[in-house]
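Here is what TrEMBL says about this protein:
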| type | residues | note |
| --- | --- | --- |
| TRANSMEM | 36-58 | transmembrane segment |
| TRANSMEM | 70-92 | transmembrane segment |
| TRANSMEM | 98-118 | transmembrane segment |
| TRANSMEM | 130-151 | transmembrane segment |
| TRANSMEM | 163-186 | transmembrane segment |
| TRANSMEM | 198-218 | transmembrane segment |
| TRANSMEM | 230-252 | transmembrane segment |
| TRANSMEM | 298-315 | transmembrane segment |
Amino acid sequence: MNGTEAFQEIAGIYNEGITTGNGTMGLLENSRLDKVINIFTVVILFISMISIGCTMELSKIKDHVVNPKGAVIALLAQFGIMPLAAFSIAKILQLDPIKAMTVLICGCCPGGSLSNIFSLAIKGDMNLSIVMTTCSNIAALGVMPLLLYIYCQGFAGLENAVPYVGIIAALAFTLVPCVIGIVINHYKPQYALIIKRVGLSILVISSIIVFALSGIYVKDILWMVLTADVLGAAALLPLIGFTMGYVMSVICQLNPQCTRTISMETGCQNINLCVTIMKVVFPSEVIGPMFLFPLVYITFQCAEALLLVLCFRCYETFKTQAQDMKIYKNVDVQLELVKL
């Protein structure tokens, strides 16, 4: 069976459940709106990758090349834990082929720029975080298609259904803006901060537009993305990433700062890349409303990351107060001894 036939087969299985009462498909057949969403999706990915590149310094890359332990462990966590977790979740929840494929793609994606923000909030190693985000996106060019090929063998109908050429092209596309960002930061660092600030504004506006247009595009069958199994997968995947990334780095005896960083890097995926692959690479009649899965995932990802940051901040506050109290008591004891 070739890729086209596989697409048709799994699309037929999936779309059986999204036919409306009058016999027409729930998916909107507005090709113009579809193209607009695709354009904004690509723009968002391009801007986010330039921003990642602008945070990258060649000196930091050199430091981690010389001492690669943290970066290697982080890469193993990113491409070892998350794809396996996605595969396991899809099997345990008995997801249908299309849902399983979307979860697998999300799990096999490299780290995203949000991990840098959360690493900063949790007082992690920012050098490691930035290097890890960049290296994982570069490594994804070869690793992500390989992982998808391996794990898709476990689902009937998906063996030949994944458009590997399209995914590789999308991954290669991400390297161009990333390299542009690195070059700008290296030769014109004074412009890097401006680009990041302007890029963030454009990114927020574009994301809101895509979210609104996507809601209009699949409004009749939006409920297909809000089922218990999809929500369960979206909640479990980042949680497993955060937890196992931390555990793995502790086992490897990294310092607390690095363990927190790897935890954030493992659980935070490049959602912009994931959306682009699902919306642009896959035909609309195949992926259906499941191209919105990354948006559901990022909601849980951010909520869980913020909860972890809150827990860490509370722990730090109580720890500082306990240490201050201990010092205060020691001073009191010394004063009492002096009086005696």
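Placed from the backbone N, Cα and C atoms, the Cβ positions cover glycine too.
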Exercise. When only pairs 6 or more apart in sequence are counted, do the transmembrane segment (36-58) and the transmembrane segment (130-151) reach 3 or more Cβ pairs under 8 Å?
Worked result: yes
Problem set entry | Residues from the same chain, set at least six apart from the ends of the transmembrane segment (70-92), whose C-beta lies under 8 A from its own | 64, 99-100, 103-104, 106-111, 125, 128, 131-132, 135-136, 139-140, 143-144, 147, 151, 154-155, 232-233, 236-237, 240-241, 244-245, 248-249, 252, 254, 258, 261-262, 265-266, 269
Seminar exercise, completed: Given the transmembrane segment (298-315), its same-chain partners at Cβ distance under 8 Å and 6+ residues beyond its ends are 114, 118, 121-123, 234-235, 238-239, 242, 260, 263-264, 267-269, 271
